[in-house]
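Take a look at the structure set out below.
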Amino acid sequence: MGLTKQYLRYGPAALFGLVASARGNAAFVALRGERGRCVAVPACEHVFVWDTRKGEKVLILKGLKQEVSCLCPSPDGLHLAVGYEDGSIRVFSLLSGEANVTFNGHKAAVTALKYDQLGGRLVSGSKDTDVIVWDVINESGLYRLKGHKDAVTQVLFLKEKNLLVTSGKDTLVKWWDLDTQHCFKTLVGHRTEVWGLALVSEEKRLITGTADSELRVWDITYIQEVKDPDEPESKKSKGSSLGAEDDTGEDETLELDECPEERLLKCSKVGSIMREGRDRIVTLATDRTGKILACHGTDAVLEVFSVLSEEEVQKKLEKKMKKAKQKAKQKSVEEPEGSGELSLQEEIQRVTNIRASAKIKSFDLILSPKGELKIVLLLQNNIIESYNLNLSAQVPQAVRTSKITIGGHRSDVRTLAFSSDNIAILSAAAESVKIWNRSTLQCIRTMECEYALCSLFVPGDRQVIIGTKTGKLQLYDLASGSLMETLAAHDGAVWSIALSPDQRGFVTGGADKCVKFWEFELVKDESSIQKRLSLKQVRILQLDEDVLCVRYSPNQKLLAVSLLDCTVKIFYTDTLKFFLSLYGHKLLVLCMDISYDGALIATGSADRNVKIWGLDFGDCHRSLFAHDDSVMYLQFVAKSHLFFTAGKDNKIKQWDADKFEHIQTLEGHHQEVWCLALSPNGDYVVSASHDKSLRLWERTREPLVLEEEREMRREAEYEEIVAKEEQPVVAGETQGEMGLAGKKTIETIKAAERIMEAIELYREEMAKLKEHKAICKAAGKEVPLPVNPILHAYGNITPSAYVLEVFKKVKSSELEESLLVLPFSYVPDLLRLFSEHIHLGSEVELLCRALLFLLKIHFGQITSNHMLVTVIENLKKTTICRVSEARVPEGKGELRKLEDNQKKNKERLLNEHPCLLCGTLTDAGEPQTVLQNVMLLRALHTAE
C-alpha cells in the first residue's frame, strides 16, 4: 500500500466584524445585579452580551453550529434561554457562560420563547407549528401542544392562572389550559397573520398586532370570578348572554363548536388603537410591569404607548366627570349621561415615536423605579442603539444614550485583503473600509468610502487601494486614515484588481470592457514638502466584453482575463497579444487564480463548477462540481497546488489541484459567502458573508487524512437521516392536540443503545454467575470468578449497579425519547432492576419517572404478560413505600401544607387506581392521570 498524502486541517479561529445578527431578538440581561445596562443579542451561532454604556462586549455565550433565532432571559436574571434554527433550545448561565440544559423537541426554527413568572417552566413556539412546555428544573419536556396550522409567532404564560396564550401565522390566537393540556378557546377574528401579542391591565386585556396598522384590544373576563354561590341553573343563560355579545362585530367571532361549559374565560373585542406605520407588526411587547407598550413595523419607527392602571383610570374618570358637571352647570342643562367611561385611546395613550437610524429588527424595554424608560433597539444594519425616555416630562422625548457600531460594517463586506506581513486584514463594504488587527481582532482604522468591489494593500502596507462600483480608484493612507487620491479609472464598475508580481504597479478590469495597467509613482504634494504616492495609468487593453476578473502569472509574462461571454482569455503582458482562450463554463467565470509556479489556472463559475487548466496549452485537466450555488471566490494557497473556493451555498472548500480531490469543508457562515483572502504565508483564511460576519480560519498542526474525512462526512449524513426519520409511535395513542415534548435525535438513539448494551452485559454476567455457582458446587470449593473489565473500570460494581450508572448518565431531557426507541424485549429486565434499586432506595425519583413512562407506552404488553405479575406487585409495594418516605419533614411551614395535600393525593390515587401497578388495568387512558399524580409526589421530593 502506497503512502497516503496528508494535509493540515484548517479550523475556526474567530468570528468578528459582527455587532448583532438581525435574525433573533435583543433582550436586556442583568449582569452583576444591574438591570438596563447589558443587552444580549444574537450573533450568528453565538450570543453576545454588550455593555451599552461602555460599548464593550462583556460576555460571549458560545453556540454550536446553528444560528440563534430567539432569546429569553429568566425572571431571576441568572439564565438566558436561547432558541436555534434547528429547533433546539439551550439554557445558559449568565454567571459562568456555560450551557447547563439542552432541549430538543422542535423540527424547525424556534420563533418564540417565554418563562413563567417563577422561572420553573419555559414555553417555546416554532415554525413547525408546535408549542412545547419544558420543565427547566427537572431538565425535561412536559408536553407538546398541537393546534396551530402555521408558524407560532408569540407565546405568553398568564401569571395568576395556569393558562397559556399563543398566536400564529394561521391568523389564530389560541388559549390553552395547562392543567388539562388542551386548547379551550380560539380567537378567529383576525383576517391576517397575528405577529404579536401582549397582556396589559393586570392580564385583563389582550392586545394583538397583525399585518395591518390596527392594534386590536380584547377584554378578558375570567368566568370563575363571575360565578355566584347559587349559580347552578345559570349556566345556560350565561351561554346565551355570551352568544348575544358575540354578535357585536366580525372580529369578535368565536368558534361555534366550543361548549360554553368548557370555557374558562370570555374574550371580546373592545376596540382598536391605530398605529402610524402602515405595514405589518414585527415586534409587539410590554415592559415587565405592563405599564408601557411598544411596537414597530418593518420601518425605522418605534411607537411607545402608556397603559393606565385601574387607579389612574379611576382618577381620570373622576376628572372627566367633574369637568362634564361644570360644563353642564355653566350651560344650565342636565348632566350628561354618556361620559361615564373612558375611551380606549384615553386608557392606552401614545407617549412618543422614536426614529432609529435604520430599520428596526427588534427591541426590549425596561422601566426603572424612578420612572425612566430604557429602550434598546437592534437594527438591520449591524447596530445596537440605546435610548432613555423620561415619562414624567411634560412632552417625553427620547434621548439616544449610546450606539454600538465600531465592531462591524453597516452592509455586506464585498472585498478582503491581507497585508504582506500577515498581520493586518482589510475589509470593505458599501460605506466604509476597515483595517483589523488579525491577532487581537480589533478594528484599528475606519475610513469612509464609496461602494467597494475590490481592494489591495500597496507594497509596504502603508496605503490601500479600493476599486468602486462607480468606476473610481480610491487611495487611502493608513497612518492618517485619510483619502489621498480618487481617480476615475473606468466608465463602469471596477470588478477586479491585481498587483503585479514585480510590485511596481497593478492592473484593473472593469465593466467598460477595458483592462487598464497602472504604475505607482511619487509626486510632489502641494500642501507639504514631502512627496506622496500616486497612481499613473500606462496602458489600456480594449476587449469585446465586460471584464469580470484579472490575474497575473507569477513570472508576469501572462495576464488572464475573465469576460462576460463565459470564457477566460490569456494575453502576453508585454505585447498584449492573444495567447489562449479557455472555454467550457456554461455561465460567467466569477473568479480565478494562477498557481505559484504558473503551471495551473483554476476558474470558478456561476455554473457551480471549478475547472483546472494547464497554462501551457490551455487544456482542461479536470472539471469539479464544487458548490451547490455560484462559486464566488477562488484563491491558491502560497507555494502549493491547494486552493480554496467560496460559494453562495454558505460553504468554503479546500481542494487539491494535483489529485483533483476535495480536502475539507469549512462550515460556519449562515448565508452566502461573498469573498475570502489567504494570508501570504498560507496560515490564515479570512471570509466575509451576507450574515455580516467575518470569520478567521487558522491552519492547525493537526494532520487531515482524506479517508477519515470522508468517513466523518458519511457519518454526519447518516446521523442527519436518522434524525429526520419518523417519530416512534406509542401503541394505542391517537394524534391529539397534546403529545410528547421530545424528539428522536442521534443522541437519544445512542442513549437507548447504551441502555441496551448495559442490559445485555447484565444478562451475560448473571448467566456467568449462575454457571460459576454450578462449577463451585460441582468442584466442592470456591473457584475465582473472572471479572468483567467494564465492571472493573467502574470499581468492581455489580452488573445491576452498572445498569443504574448508565441510566443516570442519560440526559434528563432525553430520557423519555430514549425509552421510546428501546425494544420491549429489554423492558422485563429493566422492571426487575427497577424493583431491586427502588427497594434499596437508589435514585428513586429517576427510576419512578422511567417506570411510569414504560408503564404508559408498553401498557398492553406488560399487563398481558403473566411472568411480570410478581415483578409489578413488588414494584407496587416498594414504589409506594419509598415515595411516602420522601415526604417533607416537620417544621417547614408552607411546604408542610404541600406535603399534607400530596398525602391526600396519594391516598386518593391508590383508592381510585389500586390495580395500576398490579397489571390488571384495562383503560388505556388512565395511566396519564396517574403519571400526573406521581409527578406531584416527585415535585414534593424535589422541594425537600
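Residue positions begin at 1 at the first shown residue.
Heads up, the Cβ atoms here are built off N, Cα and C, so glycines get one too.
What you are looking at is a predicted structure, and each value in this text was computed from that prediction instead of being measured.
Annotated in TrEMBL:
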REPEAT    61-102  repeat 'WD'
REPEAT    103-144  repeat 'WD'
REPEAT    145-186  repeat 'WD'
REPEAT    187-228  repeat 'WD'
REGION    229-255  region 'Disordered'
COMPBIAS  244-255  compositional bias 'Acidic residues'
REGION    324-344  region 'Disordered'
REPEAT    406-446  repeat 'WD'
REPEAT    487-521  repeat 'WD'
REPEAT    582-623  repeat 'WD'
REPEAT    624-665  repeat 'WD'
REPEAT    666-698  repeat 'WD'
DOMAIN    800-885  domain 'Small-subunit processome Utp12'
* **Same-chain residues at least 6 beyond the ends of the repeat 'WD' (624-665) whose Cβ lies under 8 Å from its Cβ atoms** => 5, 7, 9-10, 587, 590-596, 599-600, 602-606, 608-612, 671-678, 680-682, 685, 687, 689, 697, 704, 706, 709
* Would you kindly list the residues that approach the repeat 'WD' (103-144) from elsewhere in its chain, counting only those six or more residues past its ends and only Cβ-Cβ distances under 8 Å? => 69-76, 79, 81, 83-91, 150-157, 159, 164, 166, 168, 170, 176, 178, 181, 738-743, 745, 747-748, 811-816, 942
* To do: List the helix, strand and coil residue totals of the repeat 'WD' (406-446) as derived from DSSP.
  => 0 helix, 19 strand, 22 coil
* Along the repeat 'WD' (624-665), what average pLDDT does this model show? -> 94
* Structure fact -> Taking DSSP H, G, I as helix and E, B as strand, the repeat 'WD' (61-102) contains 0 helix, 23 strand, 19 coil
* For the repeat 'WD' (624-665), what does DSSP give as the number of helix, strand and coil residues? -> 0 helix, 25 strand, 17 coil
